[in-house]
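Participant: Submitted below is the structure of interest, expressed as structure tokens.
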């Protein structure tokens with residue numbers, strides 16, 4: 001097994017390929033990509049034996065923007081016999097001898113064609129899990145040091161990749177997709193983007209400390225209030241900045257102040273440090289990056305989650321430019337900070353970025 005399979009949003013295979021090639025090279029790992037447009041996954045094949053496993057251990061999954069999941073795989077199994085699909089899969093795993101495995105996930109790429117296999121995947125999981133347990137596998141806790149999850153990626157009927165991922169360096173979600181329910185009282189479906197961002201960027205154990213009823217937030221381009229809703233739900237008082245109207249349900253909470261102003265010109269009230277800045281405005285990504293940079297450098301906010309709408313072409317390059325700009329500006333000013341970006345499931349032609357400022361040198 002010396003390949004990586006990376007799941008992604010259909011249509012973002014080239015961005016995923018460019019990113020894994022760059023990140024692998026930074027670790028001294030080289031290889032080549034096999035991809036099919038709109039397939040929802042790519043294969044990165046390493047030149048050196050053992051390098052795929054090294055990437056799965058050392059390349060921090062949270063650093064990858066476009067990948068939803070990262071697993072080590074071997075050659076594709078093709079034309080699995082209908083009467084016995086399990087034996088060829090078990091045979092591939094026997095070479096690995098995954099005694100430190102915790103569970104099995106039988107998945108597909110996130111495309112309409114592949115998802116037709118999901119019913120089969122669910123039914124197939126039970127007998128496959130039983131067979132793997134008979135081998136003495138799937139016995140470890142997913143929290144055990146060095147434990148792995150076993151993953152099967154079915155790309156079409158009878159054809160799959162057999163692989164694994166390290167539990168401490170992968171998405172915990174089936175197919176790399178968090179299943180979020182749209183809250184009936186939320187003003188717009190965009191609320192799921194911020195909910196997924198919080199789930200992705202903020203450790204669950206820290207969430208109640210990072211969002212409290214003593215905190216203040218600003219939502220630039222807030223109308224009708226999908227993102228404001230997520231902050232208010234967590235107790236934060238929000239200055240909702242938008243010329244448009246906010247949902248009446250948010251006004252009724254008493255936890256927002258509507259500021260009918262231009263998001264690019266708004267400044268926080270004097271002597272008021274904003275704990276959270278959020279922004280989902282439709283604007284050129286570099287213009288948004290400069291706006292966010294201004295807020296952070298001026299000390300107007302401590303932490304921010306914002307979206308960057310991507311151009312039709314050179315999307316990965318645009319992301320690199322925007323993130324490099326923000327990192328350089330913050331470093332120039334002597335800030336200690338953490339920056340993460342992710343192409344979330346609920347994002348479309350955009351990525352979501354999180355920056356937390358921890359202090360100054």
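The chain as shown is numbered from 1 upward.
Glycine residues also receive a Cβ, built from the backbone N, Cα and C atoms like all the rest.
Summarising the annotation, Swiss-Prot assigns S-adenosyl-L-methionine binding site to 190, 223, 224, 225, 226, 242, 262, 280 and lists sequence analysis as the type of evidence. Positions annotated as active site, proton acceptor by Swiss-Prot: 309.
Locate each feature and note its surroundings.
Facilitator: Non-local neighbourhood of residue 224 (S-adenosyl-L-methionine binding site): 187, 188, 244, 245, 246, 247, each in the same chain, at least six residues away, with C-beta under 8 Å from its C-beta.
Its own atom aside, the Cβ of residue 309 (active site, proton acceptor) has 17 Cβ atoms within 10 angstroms in the protein chains shown.
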Participant: Relative to the Cβ position of residue 225 (S-adenosyl-L-methionine binding site), how many further Cβ atoms are located within 10 Å?
Facilitator: 29
Participant: Need this for a regression test: binding-site residues 190, 223, 225, 242, 262, 280, filtered to those with Cα within 10 Å of residue 309 (active site, proton acceptor). What's left?
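Facilitator: So the list is 280.
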Participant: For residue 226 (S-adenosyl-L-methionine binding site), write down the residues of its own chain that are at least 6 apart in sequence and whose Cβ falls under 8 Å from its Cβ; none is a fine answer.
Facilitator: 186, 187, 188, 189, 190, 191, 193, 194, 280
Participant: Work out the three-state DSSP category of residue 309 (active site, proton acceptor).
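Facilitator: The residue in question, residue 309 (active site, proton acceptor), is strand (DSSP, three-state).
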